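Novice: Residues annotated as ATP binding site in Swiss-Prot: GLY178, GLY180, LYS181, THR182. Positions annotated as region 'Domain I, interacts with DnaA modulators' by Swiss-Prot: 1-73. Summarising the annotation, Swiss-Prot assigns region 'Domain II' to 73-130 and lists sequence analysis as the type of evidence. Here Swiss-Prot flags 131-353 as region 'Domain III, AAA+ region', drawing on sequence analysis. Taken from Swiss-Prot, the feature region 'Domain IV, binds dsDNA' covers 354-474, and the record attributes it to sequence analysis.
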Amino acid sequence: MTNIEQERWSRVKGRLRTTVGEDVYSSWFARMDLESVQQESVHLSVPTRFLKSWIQTHYSERVLSCWQAEMPEVHRIDLTVRTAMRCAAPAKEQAAPIEPRREDNRAAAHDLRVSATAPVSANHEALGGSPLDPRLTFSSFVVGRSNTLAHAAAKQVAEGRRGDPVMFNPLYIHSGVGLGKTHLLQAVTWAGNSGLERKVLYLTAEKFMYGFVAALKSQTALAFKEALRGIDVLVIDDLQFLQGKTTQAEFCHTLNALIDAGRQVVIAADRPPSDLESLDERVRSRLAGGLVVEMASLGEELRLGILKSRVTAARAHHASFEVPLPVLEYLAHSITHNGRDLEGAINRLLAHSKLNAQPVTLEMAEREVRDLIRPQEPKRIKIEDIQRVVARQYNVSRSDLLSSRRTANVVRPRQVAMYLAKTLTLRSLPEIGRRFGGRDHTTVLHAVRKIEGLVSKDAALSDEVESLKRQLQE
């Protein structure tokens, strides 16, 4: 990919993010990559068939229009599924063009095939499990300050034995893209199944959905439910993609049945339970009742450790591959987005070094990873963070902000918090109202306008609001 194409792709992603909103973009488009640009067509890729089908069905026009705003000559978007190194590599599929409002119901049926790559036996054919990557084990996971708790909790789950008391259930791990959630979940599955004492099943939310739909169509829903409830440890990845009221209801019943029976459930998503707005309130409540752990962004020390680990792994197949420490330090300092970019950087250096028979140098690294060095993204601020910081600033409790109390010492902090939620997050007025004790959107709008008017006249309040913004953005 040329630098010009990379710049165009960055602008298209920016338009798409603005058009659909931050939450929709994070859920459906964050893992979309640009593969190539031709005269009248653009080739994009996504990691799963489910994402491909969903984007084609629901967002084809928007993706195409965003590209046409950048390149009017583009009339076609080809969307394919990236193949990844798995225990059993999936068959390559032909690129399918995105066409406006194209309905593709074959994708669901195609994905109902049994995947035998996850090492678990089940009594229902839809529970073969999702593919596991043999590289994603505890031994290859690099531990740092941002993921210590998540790693420790996952390790404890993996080392448990059948009949042991469950300390936290479910274990819910959330983070942004590429920070290690899937690595930990697959490590739990590999380790849990190694002793053959417990049945540990790894499923993506996509696989769960398709398995349930297949069971309904084949009239084997009861067998599907019984097979799921016979699992000792159920591991669900990318829960934010769970769609459909019927499927969510079945997931909720399964979750309750497993937890009530003392079986372990481990879940990962890209946001905390309270932010999974598409999920039923009962599901969010049950998820929040377990151990919720956030994996924060990777610090520079952890990034350096990941890079060293990837070099060591590469040397298992390429013994002469060497990356000088100054190069690793440069990469750790410059590539700050996620672990996948770090791995991609090592893969590029390996390919360039081997194909050109050249040693890795700092100049080579600067040239090869230029497009991976992104501007520092602003911190994503959550409504819970705003409520916590405002409550601390005004010496009230978070429950006061959510309550119906109308005393002056509570009303003003609540209005300030609503104002900050509107100005610092992408949440809608109705959603902000719901997060402040179920208030109407007109209440939020009144609070926003009230504080907007006051900060222009009240210097003290203006200073307080700016101080709160700085605290939240640090």
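Cβ atoms are placed via backbone N, Cα and C, with glycine included.
Bear in mind that the values here come from a model prediction, so they are computed numbers and not experimental data.
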Novice: For THR182 (ATP binding site), name the DSSP secondary structure in the helix/strand/coil scheme.
Specialist: helix
Novice: Could you break down the residues of the region 'Domain IV, binds dsDNA' (354-474) into DSSP helix, strand and coil, giving a count for each?
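Specialist: Tallying H, G and I as helix, E and B as strand, the rest coil: 84 helix, 0 strand, 37 coil.
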Novice: Taking DSSP states H, G and I as helix and E and B as strand, how many residues of the region 'Domain I, interacts with DnaA modulators' (1-73) are helix, strand and coil?
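Specialist: Computed counts for the region 'Domain I, interacts with DnaA modulators' (1-73) are 46 helix, 11 strand, 16 coil.
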Novice: Within the same chain, and leaving aside GLY178, GLY180, LYS181, THR182, name every residue whose CB is within 8 angstroms of the centroid of the CB atoms belonging to the recorded ATP site, in sequence order.
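Specialist: Nearby residues not in the site list: SER175, VAL177, LEU179, HIS183, LEU184, ALA268, MET295, ASN338, GLY339.
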Novice: Judged by the number of other CB atoms within 10 angstroms, which among GLY178, GLY180 is the least packed of the binding-site residues?
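Specialist: Among the binding-site residues GLY178, GLY180, the sparsest Cβ neighbourhood within 10 Å belongs to GLY178.
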Novice: If I take every residue in the region 'Domain IV, binds dsDNA' (354-474) and average their pLDDT values, what number comes out?
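Specialist: Taking every residue in the region 'Domain IV, binds dsDNA' (354-474) and averaging pLDDT yields 87.
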